[in-house]
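A.B. asks: Have a look at the structure that comes next, please.
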Amino acid sequence: MSGASIDKTRRAFLFGATAEPQSDTALRLPWSLPGAFLDACTGCGSCVTACPEGIVSLDGSSRPMVDFRRGSGLCTFCGACADICPEPVFLASTARAATPPWTLRAAIGANCLTHDGVMCQSCKDACGDAAIRFVYAAGRIAQPMIDLDRCTGCGACVDPCPAEAIEIHRAVADA
Ligand code: SF4
Ligand code: SF4
Ligand code: SF4
């Protein structure tokens with residue numbers, strides 16, 4: 001293993017496997033090492049075919065990214081993409097079991113239909129982690145709130161939202 005790979009693994013173990021550098025704004029794969037898709041990925045596409053949920057595709061630079069509007073629309077954190085990758089792109093398998101897959105969380109935008117007084121709870125219905133609750137306030141209908149402690153960033157709420165109001169990105173505390 002090269003010195004660069006050791007440094008990346010240590011950094012990922014200390015700070016989480018997750019954060020791509022700010023310069024790489026694409027939604028990369030769970031347990032990927034910081035910057036690794038730019039540095040070490042060859043664009044072979046093995047992770048694309050390995051993903052049982054069909055949510056991985058190659059971007060314009062032939063680097064894999066997660067798209068929650070493809071396939072089943074959610075990441076189950078099965079690790080198949082990391083298992084099949086032949087390059088030093090992901091956290092080592094021995095460390096993955098004890099490390100959160102990423103620090104990404106869901107965020108609801110201002111175009112949520114409830115802001116216009118339209119009743120909708122599609123996101124809550126889709127969330128298997130009960131991370132979305134609806135909050136009532138005087139003079140308006142209930143609006144969704146993400147519980148960042150429960151949200152895993154799985155993406156299941158993204159595609160069902162009829163307003164395309166939900167994005168998965170780093171929690172504010174991680175930015
Ligand atoms: S962890 Fe599993 S479901 Fe998630 S992107 Fe990788 S292969 Fe797909
Ligand atoms: S990303 Fe997953 S866990 Fe988070 S709110 Fe959406 S469905 Fe729930
Ligand atoms: S599914 Fe979308 S539009 Fe509906 S409540 Fe959730 S965020 Fe708002």
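Cβ coordinates come from backbone N, Cα and C, glycine included.
Heads up, here are the entries from TrEMBL:
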- CYS41, CYS44, CYS47, CYS51: [4Fe-4S] cluster 1 binding site (BINDING)
- CYS75, CYS78, CYS81, CYS85: [4Fe-4S] cluster 2 binding site (BINDING)
- CYS151, CYS154, CYS157, CYS161: [4Fe-4S] cluster 3 binding site (BINDING)
- 32-61: domain '4Fe-4S ferredoxin-type' (DOMAIN)
- 62-95: domain '4Fe-4S ferredoxin-type' (DOMAIN)
- 142-171: domain '4Fe-4S ferredoxin-type' (DOMAIN)
A.B. asks: Is it possible to list how many residues within the domain '4Fe-4S ferredoxin-type' (62-95) are helical, extended or coil according to DSSP?
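C.D. replies: Reading the DSSP string over the domain '4Fe-4S ferredoxin-type' (62-95) gives 8 helix, 4 strand, 22 coil.
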A.B. asks: Which binding-site residues out of CYS51, CYS75, CYS78, CYS81, CYS161 lie by ligand 1, going by a Cβ under 6 Å?
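C.D. replies: Within range of ligand 1: CYS51, CYS75, CYS78, CYS81.
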A.B. asks: Could you list, ordered by sequence, which of these binding-site residues: CYS51, CYS78, CYS85, CYS161, have a Cβ under 6 Å from ligand 3?
C.D. replies: CYS161
A.B. asks: Please name which of the binding-site residues listed here, CYS75, CYS85, CYS151, is nearest in space to CYS44 ([4Fe-4S] cluster 1 binding site), Cα against Cα.
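C.D. replies: Going through CYS75, CYS85, CYS151 one by one, the closest to CYS44 ([4Fe-4S] cluster 1 binding site) is CYS85.
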A.B. asks: If you measure from the C-alpha of CYS81 ([4Fe-4S] cluster 2 binding site), which of the binding-site residues CYS47, CYS157, CYS161 fall inside 10 Å?
C.D. replies: CYS47
A.B. asks: Name the residues of the same chain, 6+ apart in sequence, whose Cβ is under 8 Å from the Cβ of CYS161 ([4Fe-4S] cluster 3 binding site)?
C.D. replies: CYS112, SER122, CYS123
A.B. asks: Taking only the binding-site residues CYS44, CYS78, CYS151, CYS154, CYS157, which have a CB closer than 6 angstroms to any atom that belongs to ligand 2?
C.D. replies: CYS151, CYS154, CYS157
A.B. asks: Which has the fewest other CB atoms in a 10 Å radius around its CB: CYS41, CYS44, CYS154, CYS157, the listed binding-site residues?
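C.D. replies: Minimum Cβ neighbour count within 10 Å, taken over the binding-site residues CYS41, CYS44, CYS154, CYS157, occurs at CYS44.
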A.B. asks: Across all the protein chains here, work out how many other Cβ atoms are within 10 Å of the Cβ of CYS85 ([4Fe-4S] cluster 2 binding site).
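C.D. replies: Taking every protein chain into account, the count is 22.
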A.B. asks: If you measure from the Cα of CYS41 ([4Fe-4S] cluster 1 binding site), which of the binding-site residues CYS78, CYS85, CYS151, CYS154, CYS157 is the nearest?
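C.D. replies: Comparing Cα positions, the closest of these binding-site residues turns out to be CYS85.
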A.B. asks: Using Cα coordinates, what distance in whole Å links CYS157 ([4Fe-4S] cluster 3 binding site) and CYS85 ([4Fe-4S] cluster 2 binding site)?
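C.D. replies: For CYS157 ([4Fe-4S] cluster 3 binding site) versus CYS85 ([4Fe-4S] cluster 2 binding site), the Cα atoms are 27 Å apart.
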A.B. asks: Nearest by CA distance to CYS154 ([4Fe-4S] cluster 3 binding site): which of the binding-site residues is it, out of CYS47, CYS75, CYS78?
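C.D. replies: Closest candidate to CYS154 ([4Fe-4S] cluster 3 binding site), judged by Cα separation, is CYS75.
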